[in-house]
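K.L.:
Annotations for this protein, taken from Swiss-Prot, read as follows:
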type    : residues                      : note
BINDING : His70, His72, His218, Asp306  : Zn(2+) binding site
BINDING : Glu99, His191, Glu221, Asp306 : substrate binding site
Amino acid sequence: MPLPCDTILQAALIVTQDDARTVIEDGAIAIHEGRIAAVGQRDAIVGNWHGATVIDMGASLIMPGLVNAHTHASMTLLRGLADDLPLMDWLTGHIFPVEKGLTGELVELGALLGCAEMLRTGTTAFSDMYLIEDATLRAVDRAGLRCLAGEAIFAFPSPAYADPETAFDLVRAQHDRWKHHARAALAVAPHAVYTSTPAILARCRDLAEELGLPIHLHLAETATETAQCIEQHGARPVPYCDGLGLLTPRTTLAHCVDLTEGEIDLLAERGVTVAHCPESNMKLASGIAPATAMLGRGMTLGLGTDGAASNNSLNMFTEMTSCALLHKVHHMDPTCAPASAVLDMATRGGAHALHMQGIGRIEAGCPADIIALDLRAPNMQPIFNPASHLVYAATGHETRLAMVGGEVLYLDGCYTRFDMDDLLKEVRKARTWAMEQVRAAR
């Protein structure tokens with residue numbers, strides 16, 4: 001007699017991203033109470049399981065939802081606000097002045113727009129660092145994605161706190177509010193070495209230890225940052241942070257562009273995870289992170305889009321393409337960054353960066369965070385190697401379905417938890433606000 005389950009999901013092809021990287025033709029997944037109960041051939045699953053709901057995606061490819069290892073979701077509201085500038089000019093001359101006027105309502109609106117973009121292009125979980133993160137998590141709660149959120153901690157006031165001394169109490173309060181949420185988690189997120197002091201970074205380390213939270217930090221993004229760190233602290237960013245005890249297996253570092261070979265060895269020894277953001281690094285001309293060297297040392301890398309103000313997209317499929325192509329031409333070696341390794345970064349590596357066990361793969365016992373791509377799209381045929389298609393051919397807009405915890409959040413152009421037309425009306429109003437902030441800052 002078939003076992004009961006909530007949902008049976010069927011499709012022409014399943015890319016599991018399990019340890020064996022199994023690919024199943026004419027497959028199905030049994031889902032019960034938000035988790036994958038079984039995955040296998042369609043006939044076997046249908047014969048052994050009875051689903052209260054059956055979703056037949058037909059000529060689609062099912063795979064784990066992508067994981068964005070580093071972004072600032074609310075910065076969708078600043079997309080295209082300032083382009084073609086070096087990082088520090090972009091930040092201090094354009095982004096920081098506008099962000100001074102942010103409110104919780106605006107952060108929530110921008111985060112919801114970011115969630116919509118991510119679902120539409122196959123991302124079901126993300127690591128966020130921004131301002132007024134309670135508002136980001138309200139958007140996450142509304143949209144249904146998973147999120148590791150970190151309130152950016154600075155050595156100066158932010159829209160979330162007038163006094164940096166109160167930032168730590170704010171993070172504690174956020175942790176208390178969200179620690180039992182099924183899809184949200186908190187990180188301690190000192191923004192960067194150049195926006196912090198040694199005392200603030202040490203307190204971030206202590207707070208993370210106290211609450212059992214991971215650390216999320218921008219580090220070694222540019223050579224300018226390195227020079228400034230040497231001038232102010234007498235050390236390069238990586239050894240400086242190591243001396244403060246910030247580099248642990250619970251730490252994810254965004255960017256890590258300007259590294260020495262010895263620093264790569266140190267990061268590998270400490271078990272740190274790196275969120276590689278190739279498109280943002282290219283657009284800001286920050287440099288090229290030594291991703292292949294880090295992978296060669298056995299490090300875990302996730303893939304991140306960074307914010308839509310510096311990318312200008314939250315599309316993880318295009319990020320995968322850029323990652324693979326960038327490292328091939330940088331090293332003049334077509335074997336660098338193979339499709340399988342880049343796909344791992346966008347799934348399993350991202351899951352590791354978010355410290356969320358089981359996502360980024362499709363196998364029994366894992367959360368049912370799943371997407372389906374339309375194989376009827378001309379660019380998706382013929383299929384010889386699914387990983388190749390996902391990294392080099394897919395655009396993200398083939399996404400037909402996005403599911404988190406067994407719940408359908410997006411299906412064939414429709415969002416199940418919010419109205420996109422209503423959201424866009426509010427976004428257009430926010431554009432007027434952003435333009436006013438720009439004028440006031442000049």
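Indices start at 1 and increase along the chain as displayed.
Backbone N, Cα and C define each Cβ position, glycine as well.
Keep in mind it's a predicted model, so treat the numbers as computed, not measured.
Could you place the listed features in the three-dimensional structure?
P.N.:
DSSP gives Asp306 (Zn(2+) binding site) a coil state; it is part of no helix or strand. Shown in sequence order, His70, Thr71, His72, Ala254, Cys277, Glu279, Ser280 are the residues of the chain, 6+ apart in sequence, with a C-beta less than 8 angstroms from the C-beta of Asp306 (Zn(2+) binding site).
According to DSSP, Glu221 (substrate binding site) is assigned to coil rather than to any helix or strand. Sequence-distant neighbours of Glu221 (substrate binding site) (same chain, six or more apart, CB under 8 Å from its CB) are Leu87, Ala192, Ala254, His255, Cys256, Val257, Asp258, Asn281, Ser286, listed in sequence order.
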K.L.:
Using the recorded Zn(2+) site (His70, His72, His218, Asp306) as reference, state which further residues of the same chain have their Cβ within 8 Å of the centre of those residues' Cβ atoms, listed in sequence order.
P.N.:
Thr71, Met129, Ala254, His255, Ala275, Cys277, Ser280, Gly304, Gly307, Ser310
K.L.:
Just how many other Cβ atoms lie inside 10 Å of the Cβ on His72 (Zn(2+) binding site)?
P.N.:
28
K.L.:
Rank the binding-site residues His70, His191 by how many other Cβ atoms lie within 10 Å of each Cβ and give me the one with the fewest.
P.N.:
His191
K.L.:
Please report the three-state DSSP label of His70 (Zn(2+) binding site).
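P.N.:
DSSP assigns His70 (Zn(2+) binding site) to strand.
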K.L.:
Could you check what DSSP calls His191 (substrate binding site) once collapsed to helix, strand or coil?
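P.N.:
SS state of His191 (substrate binding site) = coil.
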